[in-house]
Amino acid sequence: MRVELNCPSRNRRIHTHTIFRFCRSKCHRAFKKKRNPRKVRWTKAFRKAAGKDLAVDASLEFEKRRNVPAKYNREQWKDTIKAMKRVEDIKSKRQAQFILNRLKKGKELQKEADIREVKQNISLIKSPAACTQKLEEKMAQVIQESDQEMAAE
Amino acid sequence: MAASYNFKKITVVPSATDFVDIVLSKTQRKTPTVIHKQYAIARIRQFYMRKVRYTQQNYHDKLSQILDDFPKLEDIHPFYADLMNVLYDKDHYKLALGQINMARHLIDNVAKDYVRLLKYGDSLYRCKTLKRAALGRMCTVMKRQKQSLEYLEQVRQHLSRLPTIDPNTRTLLICGFPNVGKSSFINTITRADVEVQPYAFTTKSLYVGHTDYRYLRWQVIDTPGILDHSLEERNTIEMQAITALAHLRAAVLYVMDISEQCGHNLHQQVELFNNIKPLFANKPLMIVTNKIDVIRREELSEENEACDQLLAYRVENKMRSKKVNSVLNRLHLSVPQQRDEKVRPPCIPEAVLQRKAAMDTDKPKKKTERDLELELEEDYVFDMKKRYDLKNAEDKYDPIPELWEGKNVADYIDADIMKKLEDLEKEEEMREAAGEYDSDMSDEDEETREIRSMAAKIRKKKKLIKMESDVRRKVQKPTLPRVARKDYNASEFKSQMEELGVDMADKDNAHFKRARSKTPTGLKRKREASTEAGSRARSRSVPAGKVPRDQSGIRDPQTQQKVKVIAKNAQKKMNQFGKAGESDRFIGTKMPKHLFAGKRKQGKTQRR
């Protein structure tokens with residue numbers, strides 16, 4: 001049996017006999033409402049088209065629908081299964097990295113925002129008076145220590 | 001140029017009464033009907049003249065239509081003219097049409113006269129009677145045409161049912177004695193369905209059928225039988241046949257019945273033939289012997305061999321009318337000239353030849369599964385996989401994995417998958433070496449974390465402040481001034497500052513309020529005096545120097561007493577009704593019964 005997922009929101013397959021199958025009723029209902037998958041944000045079609053997911057990569061070329069079935073050859077199938085597992089690993093790694101790279105920019109912006117926030121509104125949690133107090137104390141301590149040293153000498 | 005007639009499209013000729021009804025009702029509907037005697041006389045005259053003229057016009061138009069549609073015997077093909085003469089009698093026909101024409105003329109005259117008279121009508125009544133007279137006369141004229149109209153209607157109906165014989169095209173005419181088999185012949189050749197019966201004169205009029213020969217359309221005309229007597233004694237039916245013979249330039253098939261089943265012997269038939277010979281002038285002629293299944297030619301007795309012109313009947317008539325001859329002369333089949341001795345046989349593809357050969361030979365039959373089943377009986381197992389055609393025979397019975405982790409294994413099958421995998425691995429190594437997959441540790445050091453936590457605290461604090469202020473602002477109660485608030489005192493201030501990290505331990509005697517008050521000093525002396533007395537008690541809620549409301553504007557205690565009394569009196573009503581203040585407009589009962597029900601002692605109850 002062959003798993004044919006032609007949920008247009010997950011994985012679009014173009015058929016000449018136009019039978020569509022869906023993974024769940026959410027996709028089916030969206031299809032019936034004639035929604036364009038390229039505009040519905042949670043679909044793979046949107047994500048790939050908008051550059052949110054890895055779309056062009058060597059590891060993605062391995063899984064492809066072949067219209068001409070190949071005759072069974074034990075060696076070939078063994079190799080294929082091994083290769084498949086490895087390819088999947090690499091693919092998931094690369095996809096994850098792609099998304100991470102995309103989100104890096106956000107992290108930087110967040111950092112900058114934090115610094116700005118702290119600079120502007122530090123007085124809400126730490127009074128400047130406290131800082132000066134501490135400074136005075138420190139100075140007092142230093143003076144004391146220096147006095148003691150002087151005395152010791 | 002004679003107008004082309006279409007016998008099927010002649011207008012319906014209504015009967016006389018119908019005709020009158022039609023025209024008069026049309027006049028009534030289509031002309032104005034309202035007239036009063038106080039109208040201007042010119043208008044009245046106009047009104048009635050219009051009616052008379054309208055009626056005349058209608059009659060004229062309809063009669064003209066009839067006269068135009070019926071064919072003039074001089075203008076149509078002589079064949080049809082003769083046919084119509086035979087069927088409808090030329091004289092009668094012409095007479096009827098002449099009568100109609102006359103009627104039209106009379107109606108026109110009537111109208112003309114009465115319109116002239118109407119011009120001098122001096123009252124509504126006179127005009128009206130004149131119009132009545134005019135219309136009446138016109139209608140009487142029409143009523144007198146009753147017979148002609150009936151006759152013409154019948155002619156029209158019959159004319160439209162005549163078979164469409166094109167006098168100019170290729171025609172075959174079949175004639176002969178009654179009952180010799182003319183209709184049967186035409187039934188076999190064409191799609192015509194003529195009645196065939198054993199009695200004579202089954203066919204009473206001309207019938208047309210069409211047949212194809214040599215890619216041309218031929219008309220075949222079946223005639224009623226002709227008897228052997230002189231022209232004057234012929235009846236209408238025979239005359240139709242004669243007419244056809246006389247006028248149509250056709251090939252004639254003279255059918256003879258050798259078996260004499262028609263009721264006339266061969267001699268009589270030959271006699272007839274000789275009598276109508278003049279009609280065959282200039283036409284290709286064929287004598288057809290019919291009913292040869294009954295009696296064959298050889299069996300004929302000698303005295304009947306007088307007919308030299310007897311020919312055998314064949315299905316394919318070699319009819320040669322002059323037209324076909326001329327066409328044949330212009331046709332020529334061209335064959336390419338042999339340029340060398342090479343034989344060029346027809347080209348048959350190999351596959352066809354092979355298949356032909358295969359069909360011929362008897363190959364030994366293959367052993368089928370069914371045979372095997374019968375052989376093994378119980379041991380037989382239907383094994384689909386045994387006929388698999390794979391490189392290694394052992395692979396045939398392998399269980400083939402199809403899915404892995406929701407993916408089809410077959411989608412990954414590729415001849416050079418291992419090579420591709422190698423390339424991919426290399427690429428991956430390069431990427432790792434380049435540091436693509438290294439996690440970014442730069443944002444995990446102490447400082448950044450501290451900054452992040454402080455920013456979070458700040459944001460939280462901001463939210464709290466916002467929430468508090470929202471709460472404070474949304475409440476609609478009368479607000480106390482800031483200085484009277486509960487959390488606006490020294491101890492609160494201390495605790496807040498401590499939260500922010502400032503050391504407030506040794507600040508007991510600190511003066512946290514303003515050194516000086518904000519209130520202006522230039523006040524009236526008397527007020528100051530009065531305020532001094534009260535201000536000691538009010539140190540917080542009222543700023544120093546401010547006069548309490550119930551004492552402001554009062555000069556001395558006597559007026560103050562009066563003021564108090566007045567104030568209390570004003571409050572009484574409100575207190576009585578339980579009002580909260582002077583702005584409280586609550587009404588307990590909107591419709592107290594004593595005001596809205598019952599009779600009045602005096603006065604009206606119109607409104608309550």
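Cβ from N, Cα, C; glycine included.
Here the structure is a predicted model, which means the values were calculated and not measured.
What TrEMBL says about this one:
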- B:170-304: domain 'OBG-type G' (DOMAIN)
- B:504-563: region 'Disordered' (REGION)
- B:512-527: compositional bias 'Basic residues' (COMPBIAS)
- B:575-608: region 'Disordered' (REGION)
- B:591-608: compositional bias 'Basic residues' (COMPBIAS)
Quick check on the region 'Disordered' (B:575-608): DSSP residue counts for helix, strand, coil, in that order please.
6 helix, 0 strand, 28 coil
Rounded mean pLDDT for the residues that make up the domain 'OBG-type G' (B:170-304):
81
Summary of DSSP states over the domain 'OBG-type G' (B:170-304), given as helix, strand and coil counts:
43 helix, 33 strand, 59 coil
